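K.L.:
Have a look at this one.
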Amino acid sequence: MKQIQVNLGVRSYPIYIGQNLMSDGETLSRYLLKKRILIVTNETVAPLYLKQIQETMASFGEVESVILPDGEQFKDLAHLDTIFTALLQQNYGRDSVLVALGGGVIGDMTGFAAACYQRGIDFIQIPTTLLSQVDSSVGGKTAVNHPLGKNMIGAFYQPQIVLIDTLCLHTLPAREFAAGMAEVIKYGIMWDADFFQWLEDNVTTLKTLDAQALVYAISRCCEIKADVVSQDETEQGVRALLNLGHTFGHAIEAEMGYGNWLHGEAVSAGTVLAAQTAKALGLIDESIVCRIIQLLQAFDLPVSAPESMDFDSFIQHMRRDKKVLGGQIRLVLPTAIGRADVFSQVTESTLEQVIRCA
């Protein structure tokens, strides 16, 4: 079992990565003793793992569950209220703990519910998708979507522990695994050139779910994320680099309707647009763009935006992006494999040229 620490003073917490961790009551025990436990999961994950985690936690306290519909389109205030209703109807107090058992949608909603309920109760992340294991479960970003923008209503709120059981990936559909690889590749582009090279050399090994390769890839992503979050918890500086591909990607998700494009698929296409923007500005050359495209394609990810999206449909969403400051769109762009920076002087005419030529 691999352990990584997110260092945030009194809000520090461990990430555990390995196999069969959902049956490891000893690791969970210190976070559950004398607490009432409410597991939040969805209709896809519940038949696979809910009984197992309930049995693991039953010796520590009363365990109940809330099962939500599965999909990004349900990550909204209405379904968040389902969690609050369950907590209130069953008289959960401040000594309770919420457990997020699922992917990024479940993790984001459960974390936000924990941040809000009685002004804050404990929560535990047990991510079951590759995307949530390498990205959304770590760092304390919690939120729900709004029809006018993704993740626009939320809070920074850290979990007590992140428990990553890599065996969950064996029940993950191939499309979901590919979507998670978009975030894995992002870390190589924006932070670690050697890791990017390792990914290029291990495509087949990862796609066949080799246990050692999965633990290494997930661990490296979590190490990078933990390092970045420890430096900049609330995204005032370096943490913004983790948004590589996300400004374009969130525009795709919002325009196409949440759930039609998976988050990772939109990030993949958005990462290519970010690379093409960087090339248009003279920050990188064509060879780097090609390496990025080839690696994304190797994992069966989209490398272009939907044909139905034009510049106008992109820009209306990008102007509402959370990173906008003083009315200026701020983009994370690669400056090399393994390096990225935030740019706020990219003109809309440059963006139009890139989007029209993509």
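Cβ from N, Cα, C; glycine included.
In case it's useful when we look at the structure, here is the feature table from Swiss-Prot:
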BINDING   70-75, 104-108, 128-129, Lys141, Lys150, 168-171  NAD(+) binding site
BINDING   Glu183, His246, His263  Zn(2+) binding site
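Would you situate these features in the structure and describe their surroundings?
P.N.:
Non-local neighbourhood of Thr129 (NAD(+) binding site): Gly102, Gly103, Gly104, Cys168, Leu169, Leu172, Glu176, Ala179, Gly180, each in the same chain, at least six residues away, with C-beta under 8 Å from its C-beta.
Taken residue by residue with DSSP, His246 (Zn(2+) binding site) is part of a helix.
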K.L.:
Determine the Cβ neighbour count for Asp70 (NAD(+) binding site): the number of other Cβ atoms within 10 Å of its Cβ.
P.N.:
18
K.L.:
Count the other Cβ atoms sitting within 10 Å of the Cβ of His263 (Zn(2+) binding site), across every protein chain shown.
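P.N.:
The answer is 28.
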K.L.:
Among Glu183, His246, His263, these being the binding-site residues, pick the one whose CA is nearest to that of Gln73 (NAD(+) binding site).
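P.N.:
In terms of Cα distance, Gln73 (NAD(+) binding site) lies closest to His263.
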K.L.:
Of the binding-site residues Glu183, His246, His263, which one has its Cα closest to the Cα of Asp70 (NAD(+) binding site)?
P.N.:
His263
K.L.:
Rounded to the nearest angstrom, how far is the Cα of Gly107 (NAD(+) binding site) from the Cα of His246 (Zn(2+) binding site)?
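P.N.:
Taking the Cα atoms only, His246 (Zn(2+) binding site) lies 18 Å from Gly107 (NAD(+) binding site).
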K.L.:
Same chain, not part of Glu183, His246, His263: whose C-beta falls within 8 angstroms of the C-beta centre of the Zn(2+) site? Give them in sequence order.
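P.N.:
Sorted by sequence, the hits are Leu131, Asp135, Ala182, Lys186, Gly245, Gly249, Gly264, Ala266, Val267, Gly270.
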